[in-house]
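According to TrEMBL, the protein carries these features:
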- 1-103: domain 'HPt' (DOMAIN)
- His46: phosphohistidine (MOD_RES)
- 134-156: region 'Disordered' (REGION)
- 306-582: domain 'Histidine kinase' (DOMAIN)
- 584-718: domain 'CheW-like' (DOMAIN)
Amino acid sequence: MSTDDVLQTFVAEARELLLGMEDSLLALERDPRDGEAISATFRAIHTIKGSAGLFSLDQLVAFAHVAETLLDLVRDGRVAVDGDLIALLLECSDYLGFLINQIAGEEVADAAAQEARRPALLARLQACIASSGAPSASQAEGPRQAPPSAAPAAGEVADPVHNDAWHISLRFGPEVLKNGMDPASFLRYLGTLGEIAHITTLWQQMPAPEAMDAENCYLGFELDFRSEASREAIDSTFDFVRDDCRITLLPPRSSIDDYLKLIAEAPEGLERLGEILVASGALSQAELERALERQRQAAPPALGEMLIQEDGIPAPVVQAALEKQTKGRENRSAATRFIRVDAEKLEDLINQVGELVIAGASATLLSQRNGDTALIEAMAQVGRHVEEIRDRALSLRMVEIGESFNRFPRVVRDVSRELGKDIELVITGAETELDKTVVEKIGDPLMHLVRNSMDHGIESIEERLARGKPAQGRLSLHAYHESGSIVIEVADDGGGLKRDKILAKAMDRGLVAPGQSLTDRDVFNLIFEPGFSTAEQVTNLSGRGVGMDVVRRNISALRGSIDIESQEGVGTTMRIRLPLTLAIIDGFLIQVADSAFVLPLDLVQECMELPDGERLQSRGQSSHYLDLRGEALPCLRLRNLLNLEGESSQRENVVIVQYGNRRAGLVVDRLLGEFQTVIKPLGQIFRHLRGFSGSTILGTGEVALILDVPTLVHDASGREARLLGESNAGQAIGSEQPA
């Protein structure tokens, strides 16, 4: 791993720490006595500072040091937590995020303005520090020396060698140099926290010269370290290399319980009792060697007994070490549960699985044409294995939607204050999983919907009280799985959409014919038309009619759909439906004229063949109605809708699809059955075409388009309504079904 790769890892981890820091600060705002939130905030800023120091990112380290000093005072109870302090620390988090973006090489539009904030933020931090009576952060910088040695208190065990110093046992892994880390840099940084009184370099792991790899690290260190720093501060020095080293810390004047705990945490690979005691700091290497020499000369009892009798090592400590020794022999090491994998490698794996699916479909088709029963059965078994591999490969890219939801507590806090509203955010279903690509791309549409709900949905405190509502508004984000898709709901308990006002505005713009009858859902969906807005007042958040059409377009690009439910005076729910993955889906193959098309199988509810003599009731050029068991089912004749020419089949088939709470029928010529399909994006030339979400390659080698059913039905509905302009348009295409 190159230094650049390691730096990018630092950037990714620092961003995660800042997100956690924001969550902790918001929790602290709700409960100023939350000690865990204070500690978590301190740990985040301290870890960022320590890791940045390894890369000599002095600007970041200097700023983080001042913020860390203030948080240390907060942790000690010398600075009180209030709204102003939380606001200051959130601004510091934003500024640290800006510095990290610069380190990552990203372009920041307002870089000059962000950098100009630094002096003011530092001044406010120093003012808070000064208010506690503590020295300024600049005075506090530098190593903190330990006080003179004191006699052990009652109940404490004095280390016979290091009674006033920390003992640090450090073993770097062989890959640490290859991963871009310099072991000496950690020792240098440790020196900023105190004084390294003694250091011993261990070289016993070095192989013979002919077997040595110049890029491997074979060294370990035993250190005596004097410092007033906390165990947490010392331990966090090694956070960035923790996966590549083994660390054991023994504080000064430790109790027997501390020894027992350290022995329990010793690595399983230590087999000898003496090694375990040395690694835990209960015994020095010199003392161990003297004890072993006496054992060889006099052949006394076992080493453990001799250490208890002659060297004063507490019996519980030796017993714990013996138990650890036994456990180590029984179980050498636990397997590593997690590994980091480059996203590009996962993407390549998914692509290869996609090619395997296509090849499997081709082989299955050939076996069926051949008519060999044994071959057909073998291919069916191969197909089952391919499907299992597909599902497991796709699961590797699944992440929790909480990655997108995590940004909204801060947004709701800041925007509600800007608007002068009291808004509570409730998040449920954050553990729901979907494709990482979808999570990354759904963030901006969700952000627009959340801000819109806060600005135009939830009323002011005065309005809510006048309507008999609680002063605090409620905004909820809810995610769940349904019918092979993920549904995300953005709901508020605000004033709801004004149906008559939306309809009047749509008529003024010519979007709706005078007298045309529309369902509530169709009226509400008009707000997704470009430039459509009924806002009486334009704010810096929304109201310009720009954005809702982009929201729908971005969701459609993810092969998703968005729907609205609203009740005036009660609230509004925006419901987004998305596919779990953008790579491979189960499809249903149909034929219209001479062309093949694919429908997502999750949308297909049933198929039927029109009996002889039964005809569709026609309305318009491409839309019809079918009497389906007493239900007037709106249908689309795809041949007419897509302007396809070719010989029609003697009997027509209807594929009944359902998306959300709507059903419609698609009239096709032939039903070709289910199959797995790999989604290929449409080329740049074809991306302007509506009604198609992608393409796929069939087993025959032909290309088939994947139909975007919600968009096809929506567009056909609007087209027919505008063409007919009937006084009573009747039921719109896409009949409502009870939820």
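Using the three backbone atoms N, Cα and C, a Cβ is placed for every residue, glycine included.
Just so you know, TrEMBL annotations never went through curation; they're auto-generated.
Take the CB of the residue listed as 'phosphohistidine' and look out to 10 A: across all protein chains shown you find 23 other CB atoms. Residue counts of the domain 'HPt' (1-103) by helix, strand and coil are 87 helix, 0 strand, 16 coil (DSSP-based). For the domain 'Histidine kinase' (306-582), the predicted model reports an average pLDDT of 81.
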